[in-house]
Amino acid sequence: ASDCMFGNGKGYRGKKATTVMGIPCQEWAAQEPHRHSIFTPETNPQAGLEKNYCRNPDGDVNGPWCYTMNQRKLFDYCDVPQCVSTSFDCGKPQVEPKKCPGRVVGGCVANPHSWPWQISLRTRYGKHFCGGTLISPEWVLTAAHCLERSSRPASYKVILGAHKEVNLESDVQEIEVYKLFLEPTRADIALLKLSSPAVITSKVIPACLPPPNYVVADRTLCYITGWGETQGTYGAGLLKEAQLPVIENKVCNRYEYLNGRVKSTELCAGNLAGGTDSCQGDSGGPLVCFEKDKYILQGVTSWGLGCARPNKPGVYVRVSRFVTWIEGIMRNN
């Protein structure tokens, strides 16, 4: 069942070794029947050009191919099926999260794929600049300020199922953005519709949305995740997590903390002693809280005063206040 591909199959590492016409593939390292100087294990060490398996080292839109054993046919495509979604419940990772306590300054590196709704929002050239959360196969929630650089969907792409920020694993999914939706009252929240649905796998699972207007109780322990490149605390490019308590708005708005700046459509979280904060996360990334048996997306990383400073908790968009808007956009688009 795993002998399938995502997208154009650039990351395909399966064992298919015949073309659509049934001709066996030539080994990538061999020079007969066809001599070739490009696409050998030496020229493309990252492309998985082992034995004579079908591969897509050049990202050909028609998918994986190989040089053939027929002297009259240099290369041909292979018939590799698209992977199909498995059904997993929202908010239930297939890998148990580490849940490292918030006393760890700056959080810790996450267990790979334990936060499977975390996405990386990238420029079209592949540079990571914001986080986001998969909330259904076709929809990602992020911060509106992440989309200030361009109003064109083509400027962005989404990477799903990643643990490393660079040197992406071969089975990550890379999907173009079809449309952007900014929240109409100018809240720092936005929806991205993907140009094709994500394939739901054990590494790519949506987070659950909260009930409308739900209020997370004071001192609930929640988790933020991200590659944390926002402030130069370099997590060696691996996904990080940090545990943070939610602070009720009444407390957060006290003079010694955020002094009345937090709106009812926002939520505070952080250790009032400082040390962990969404500098470790990413703008637009998730704040999730475990409830009963699943993780619920309660916050979108929005702003903070400085970074992990004492008495200055991070501020998140309160997702529950926008669930009605989110569900409406998803239903009508």
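From the backbone N, Cα and C atoms, a Cβ is placed for every residue, glycine too.
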Say which of Cys25, Cys54, Cys108, Cys130 is recorded by Swiss-Prot as the disulfide partner for Cys78.
Cys54
Have a look at Swiss-Prot and say which candidate in Cys4, Cys25, Cys108 forms the disulphide with Cys66.
Cys25
Just confirming the record: what cysteine out of Cys208, Cys222, Cys252 does Swiss-Prot connect to Cys289 via a disulfide?
Cys222
From Cys252, Cys307, partner that Swiss-Prot gives for the disulfide involving Cys268:
Cys252
Across the domain 'Kringle 5' (4-83), what does the pLDDT come to on average, as a whole number?
97
Is Asp188 (active site, charge relay system) helix, strand or coil when read with DSSP?
coil
Could you work out which of the recorded positions (Ser120, Ser283) has its C-beta surrounded by the smallest number of other C-beta atoms within 10 A?
Ser283
Where does His145 (active site, charge relay system) sit in DSSP terms: helix, strand, or coil?
helix
DSSP says what for the domain 'Kringle 5' (4-83): how many helix, strand, coil residues?
3 helix, 13 strand, 64 coil
Neighbour-count leader, CB within 10 A, active-site residues: His145, Asp188:
Asp188
Let me know the DSSP-derived helix, strand or coil state of Ser283 (active site, charge relay system), please.
coil
